[in-house]
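Asks: Shown below is the structure under consideration.
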Amino acid sequence: MGSPISTAGRLLPVEGQPAPAPRAGLALVTSNTHLSDRYWSLRLQAPEIAAGVRPGQFVMVTVARGTDSHPALPRPMAIYDWDAGDGWIEIVYGVVGAGSRLMTGLAAGERITVVGPLGQGFTVNDAESILTVGRGIGSCSLAGVALAAARRGVRVRAVLSGRHPGALVGAEAFVRAGADPLLLVHDADASSAPARIGAQLSRLLDTQPPDRIYTCGSRRLLDLCGDLGRAWGAEVQVSLEAHMACGLGYCHGCSSSLPGSSSEEPLVCADGPVFRWADA
Ligand SMILES: Cc1cc2nc3c(=O)[nH]c(=O)nc-3n(C[C@H](O)[C@H](O)[C@H](O)COP(=O)(O)OP(=O)(O)OC[C@H]3O[C@@H](n4cnc5c(N)ncnc54)[C@H](O)[C@@H]3O)c2cc1C
Ligand code: FES
């Protein structure tokens, strides 16, 4: 999400239970499937991680194996879906550089080092209906909250935005969550312009607005969610991205760098990646 923070809003902690301690271990690759365009799905058997997942949390995946020396740093990846009973987690990833390119070569039966679940996730609490607004791979950070809300009988509405139809990744989870409406918008036909999305959402939801709005993947969509949240009296939660070396709160490489702040906090990995977004 680049540098998503401006003076127009403030990041506040989400209110929820303290996250359980993360686990580190070797996860078994059970499948690694090409979805579309540059997107892949990686399913891992990792029972100790799957047991503690909350929607919006992530894992740090070490891609280098055996005699590989590169890439040394683990890569942060949102947990797209999971099953605590069967002990698996699923990651949907886009090929960006060396690490994610190497991930495409993982085969069923291999083992990789994974640490998680990490960070503060989304909270649904007493919401009766929610809206998720995601852009590109950011939609995959929202899949878990849509599925968790649907399991609790909460009404789900969703917007998936991307550069082109092939970049509308992760839609399958929102279909499973019964998202209605499920707006698929993209740049190729200009349907993804925030003003157009805002007008469409107002028309569809003004009479029955959501209690909570969750967003990830776009600064402009965060601004739109802030406007809609203000108009509807809905809480906005945002999942941020930052370059991460440890994912555990040690290196301070993932500071969200609020303008005007001399502090390194909040840290996206430990205090986030999910924050409440409030007016400045
Ligand atoms: C909390 C969180 C959840 C994420 N969830 C997903 C997901 O579900 N699916 C997915 O495809 N991507 C996700 N990302 C982005 C993903 O971590 C990067 O695309 C990935 O690290 C790129 O690694 P690379 O080696 O392919 O790219 P390179 O550009 O070669 O990476 C070089 C370095 O920059 C870091 N880096 C590069 N791009 C990003 C980025 N956008 N965010 C953070 N670090 C970056 C890498 O980790 C690495 O340390 C997430 C990022 C965060 C912070
Ligand atoms: S990535 Fe090291 S402190 Fe956040």
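Note: Cβ is positioned from N, Cα and C throughout, glycine not excepted.
Heads up, TrEMBL stuff is auto-annotated, nobody curated it.
What TrEMBL shows for this protein is this:
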BINDING   Cys246, Cys251, Cys254, Cys269  [2Fe-2S] cluster binding site
DOMAIN    22-124  domain 'FAD-binding FR-type'
Asks: What three-state secondary structure does DSSP assign to Cys254 ([2Fe-2S] cluster binding site)?
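Replies: Note: Cys254 ([2Fe-2S] cluster binding site) is coil by DSSP, not helix or strand.
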Asks: Would you list the other residues of this chain near [2Fe-2S] cluster - those whose C-beta lies within 8 angstroms of the C-beta centroid of Cys246, Cys251, Cys254, Cys269 - in sequence order?
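Replies: Going along the sequence, the neighbours appear as Met244, Ala245, Gly247, Leu248, Gly249, Tyr250, His252, Gly253, Leu267, Val268, Ala270.
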Asks: With every protein chain in view, how many other Cβ atoms are within 10 Å of the Cβ of Cys269 ([2Fe-2S] cluster binding site)?
Replies: 27
Asks: For the binding-site residues listed here (Cys246, Cys251, Cys254), which one has the lowest count of neighbouring CB atoms within 10 Å of its own CB?
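Replies: Counting other Cβ atoms within 10 Å of each of the binding-site residues Cys246, Cys251, Cys254, the minimum falls on Cys251.
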